[in-house]
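Enquirer: Please see the structure below; I have some questions.
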Amino acid sequence: MSDYIVRATAADANIRAFAVTSKEMVENAREDHMTTPVMTAALGRLLSAGAMMGAMMKGDKDIITLQIQCSGPAKGLTVTADSHGNVKGFAMNPQVELPLNAAGKLDVGGALDLGILTVIKDMGLKEPYSGQCELKTGEIAEDLTYYFATSEQIPSAVGLGVLVDKDQSVKQSGGFIIQLMPFTPEDVVDRLEKKITEIDSVTQMLDRGLTPEQILEEILGDFGLEITDTTETRFHCDCSKERVSRALSTLSKKDLDSIIADGESIEVKCQFCNKAYEFTVDELKEMR
């Protein structure tokens with residue numbers, strides 16, 4: 001199993017935790033979207049978060065979407081995940097080039113800058129659940145911590161990291177989400193808060209070769225950690241010519257007529273994976 005998510009509990013089920021390794025998923029996204037290192041890190045962090053938040057969904061057909069709209073040069077990010085470990089995503093501007101930040105790290109916060117994080121959960125109900133918060137730092141992990149606290153009222157610790165190699169490929173990628181359940185004893189809360197301040201960053205843990213299980217062991221080993229589930233995860237786009245055709249057929253007759261009048265076949269690319277689909281003039285005429 002290459003990329004996978006582990007789910008766990010600790011402190012007599014007062015703590016629930018998720019951790020993921022996502023190197024191949026993020027490398028696939030990098031290759032599909034030809035992202036620069038800073039955008040590989042930005043999209044990679046959100047893909048890791050999406051994978052874990054997808055694993056929180058209970059229904060077979062549940063879908064979660066994480067959207068960031070921002071004022072920085074990245075312009076925005078979108079990630080969609082299901083409850084089976086299938087994740088896809090894209091950056092509005094995958095070609096952002098920025099100098100390293102003051103700490104000598106890839107400047108994800110600079111690429112995103114100010115903005116809004118929106119989480120949409122489609123659980124097959126009439127209306128999807130939607131929660132929103134402002135970006136606190138643009139570094140994504142802190143923004144999600146803030147989202148969980150304000151929109152879902154769940155005290156959480158989120159850690160996300162992507163290591164980019166000298167050749168711009170993904171060296172390591174992963175993360176964790178640790179959440180406190182209601183009525184967690186105060187001493188457990190205090191001990192966990194202290195522990196979170198003492199641990200290495202996710203990138204340091206990944207660079208040491210730690211697996212998701214070992215990352216959770218490092219954080220929750222003193223809390224009676226119990227791994228409850230392991231799920232494979234991957235970058236997977238479910239686009240098809242039929243789906244793209246359905247999207248095209250929603251264009252107005254005027255717009256379709258204009259495309260047809262050009263007399264040439266058109267190429268439409270999937271935003272999530274960059275796969276190109278060609279439609280002939282005859283195919284376009286059938287959509288009117």
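Counting starts with 1 at the first residue shown.
Positions of Cβ are set from backbone N, Cα and C atoms, glycine also.
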Enquirer: Do you know which of C133, C239 Swiss-Prot records in a disulfide with C237?
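Expert: In Swiss-Prot, C237 forms its recorded disulfide with C239.
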Enquirer: So C273 is in a disulfide according to Swiss-Prot. Which of these is its partner: C133, C270?
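Expert: Swiss-Prot lists the disulfide between C273 and C270.
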Enquirer: Determine the Cβ neighbour count for C273 (disulfide bond): the number of other Cβ atoms within 10 Å of its Cβ.
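Expert: Taking every protein chain into account, the count is 19.
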Enquirer: How many other Cβ atoms are found within 10 Å of the Cβ atom of C237 (disulfide bond), counting all protein chains shown?
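Expert: Cβ-Cβ neighbours of C237 (disulfide bond) within 10 Å number 20.
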